[in-house]
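Heads up: the structure comes next, in C-alpha cells.
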Amino acid sequence: MSELLIRQFPCLSDNYGFLIHDPDSGETATIDTPDADVILNEADQAGWSITQIWNTHHHFDHAGGNETIQALTGAKVVAPRYDRHRIPGISMEVEDGDVISLGDHKAKVFYTPGHTMGHVCYHMPMDGIAFVGDTLFALGCGRLFEGTPAEMWHSLSRLAALPDETRIYCAHEYTEANARFALSIDPDNHDLQVYAAMVEGERARGEPTVPTTIAAEKAANPFLRPDDPAIRARLGMEHDDDEEVFAEIRRRKDSF
C-alpha cells in the first residue's frame with residue numbers, strides 16, 4: 001500500500017483545506033469544502049481528481065463548497081448523519097464507529113459533539129493521522145455553538161486517547177491567539193512556553209502551525225489538561241471535577 005499523500009493549503013481568512021490522495025487507486029478526498037475554487041485549483045495543480053468529500057460538520061466554511069465541487073467532479077459526499085438536513089449533496093451518511101475508505105486507506109468516524117451537535121472527526125490509524133475539524137485546535141478547542149461543555153469534554157477526551165504520535169489536522173490557524181490564552185491559564189508550563197515560542201517563530205515566517213500531535217497537545221493545551229494541579233489552583237477549582245474545570249476554561253476563553 002502506497003503512502004497517503006496530503007496537500008494542505010490556506011482557505012478563506014483562517015481555514016485550512018486538505019486534500020488526501022491514494023496513489024494506488026487514484027482516489028482523492030477533500031476534507032471539508034471551505035472554498036471550492038481554491039480546492040479545485042489545488043487538486044488541478046497536483047494532478048488529482050477529487051472523488052470524495054469528507055465533511056466534519058455543517059458550518060458554511062466547512063460545507064459551503066460541496067455543491068460546486070460535486071457538480072464539477074461527481075465526488076461522493078460523506079457527512080454526519082445528524083446533519084443530513086444541514087449539509088448539501090450527501091451521498092453517504094456516517095455515524096460513530098463507521099469506517100470509510102480511500103483506496104486501501106481506512107478512516108474511522110468519531111462522533112464528537114460540542115462545537116456542533118453533528119460534528120465528526122476522521123481518524124486514519126494506519127496513516128497515523130486524524131482530521132478533527134473544529135473540535136480540537138492546536139492549543140485550543142472549538143467554541144460551543146450547539147453542544148454542552150460535558151459533550152465537548154467527552155469528545156476531546158476521546159481524541160486525547162489516540163496514540164501520542166497521531167498527527168492532528170485541525171481546520172483553522174488559531175494557534176497564536178490560543179497560545180496567548182493558554183499562557184494566561186498555565187503560565188509556568190515549560191512545554192507550553194516552548195510551544196508558544198515555536199508558534200511565534202512559525203507565524204513570523206508565514207508557516208502553518210498545523211498539523212500538531214496528540215503528545216504536544218496533552219503537554220500544553222489547557223483544554224486537555226483540566227486535571228492539572230497548577231491549572232486548578234490558578235482557577236481556584238482544586239476540588240471540582242475535570243468537566244467543571246474544562247467548562248470554566250472554555251468560559252474564560254470565550255471572553256478572553
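If you go along the chain as it appears here, the first residue is 1 and each next one adds 1.
Backbone N, Cα and C define each Cβ position, glycine as well.
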Which of Asp44, Asp98, Asp127, Asp134 shares the Zn(2+) 1 site with His57, His59, His115 in Swiss-Prot? The record says Asp134
Out of His21, His172, His190, Swiss-Prot lists as part of the Zn(2+) 2 site with Asp61, His62, Asp134 the residue His172
The rounded CA-CA distance in Å from His172 (Zn(2+) 2 binding site) to Asp134 (Zn(2+) 1 binding site) is 8
Rounding to whole Å, the Cα atoms of Asp134 (Zn(2+) 1 binding site) and Asp61 (Zn(2+) 2 binding site) are apart by 11
